[in-house]
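Taken from TrEMBL, the feature ATP binding site applies to K104, S208, A209, Y210, L211, E282, D297. Under the heading domain 'FAM20 C-terminal', TrEMBL lists 172-389. The active site annotation in TrEMBL covers D277. According to TrEMBL, the feature Mn(2+) binding site maps to D297.
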Amino acid sequence: MKLYSLAAALANITVTNHEVTYDPDTSWLKFHLGINRYALYSRDDPTVLQLIKDMQSMTVISADYTQDEKALKGACDCTQVVKPSGHHLKLALKMRNLAKAMFKPMRQQRDEETPEDVFYFVDLQRHNAEIAAFHLDRILDFRRVPPVVGRLVNITSEVLKVTQNEDLRAVFFTSPANNTCFFAKCLYVCKTEYAACGSPDLLEGSLSAYLPGLSIAPRISIPSPWIRSYTFTGREEWEVNPFYCDTIKQQYPYNSGNRLLNIIDMSIFDFLIGNMDRHHYEIFTKFGDEGFLLHLDNARGFGKHAKDEMSILSPLSQCCMIKQSTLLRLQLLAQSEFRLSDVMRESLQEDSLRPILTEPHLLALDRRLHKVLRVVHRCVRRLGKDEVITEDFFKSTVTPEAATDGTMQR
């Protein structure tokens, strides 16, 4: 900070100084300490509710690009079909109490839909989808999405004036309507027409709580067995082979333990929100093969309320397996007294940017939920209840070395 202040003075830049405080009882630290092998937080943990409340008002003292955008150094290959970054302008915000949150600004109005001719891998990322996905994950009792809250951010005082990154400062400008705007660092969207603009300075967006640093809680990113082809014409094996899951069940780590069941949980979650962009999943290495899967980056959900992309459910329909706890929760939310759309509507009312979802998106959740249950019913009718519905959290019995010809336990 001292070095930057000196450089800023030479460049005639005003730096806003904020006092930094450390509180061992702060909500973000309690959230980090509460992570366990089953979920990011316990079902009745009051810390998460407090963290959500705190993130709405925490004082921002620093803003910067996220690590993945920094790694690109602004040099993007415009010949690639799938652009690696920049399309969603995510920023890392640091708070006075040392908390960190990822800010994704609003790019679409609530009632805007993804155009029919747009591929899933170039769709815009929606801040309200991140918010809604957190609430849905909590309602489904997965608890695998970090806390997310909506917030109005003053991009002049809370980003431009506190950032120490000159590249980030350089992408700010004032629009003809006298609104403060900024655009992405990546070259293929280094244009004002891709900018996000405040009104004149206030811009709504999602704030996602950061997970513990990788030096403290290492994570690994693993390609999904049901990864899609990120080309205009290609197709993956699972898209053409209805017996694809039989092969996956023979491979480590899917031939024992909970990993495959957790992927099926994730596919149900993605189907409900309409997210086709789940190419990788992450796990904490500390918990080994039996740790839960993190449900990160959900901003491409809730793009089309009228379309139910059944291919997202391929892990469920091809493997015909589901956790008993997951099925019981889905059956509960299908009942009229606990209808999923009603529970979501009530939960989303807690967010300051309400309404988060339009009514058609809420009603789509009920329709999709019934389709999930129909898939399970067909599996049970074909294979029997004992083969389809599994107990939760059974221990892995297969090691990577012995994973050549094992079978999936049920």
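Glycine residues also receive a Cβ, built from the backbone N, Cα and C atoms like all the rest.
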Cβ contacts of E282 (ATP binding site) (under 8 Å, same chain, 6 or more positions away): R219, I220, S221, I222, L293, L294, L296
Cβ neighbours within the same chain of Y210 (ATP binding site) - under 8 Å, at least six residues apart: W28, A92, A99, K100, A101, M102, P146
Model confidence over the domain 'FAM20 C-terminal' (172-389), averaged pLDDT: 93
Cβ packing number for D297 (ATP binding site), 10 Å threshold: 22
Local Cβ density at S208 (ATP binding site) - other Cβ atoms counted within 10 Å: 27
Farthest-apart CA atoms of K104, S208, A209, Y210, L211, E282, D297, residues recorded for ATP, distance in Å: 20
Spatial separation of the residue listed as 'active site' from S208 (ATP binding site) - C-alpha basis, Å: 19
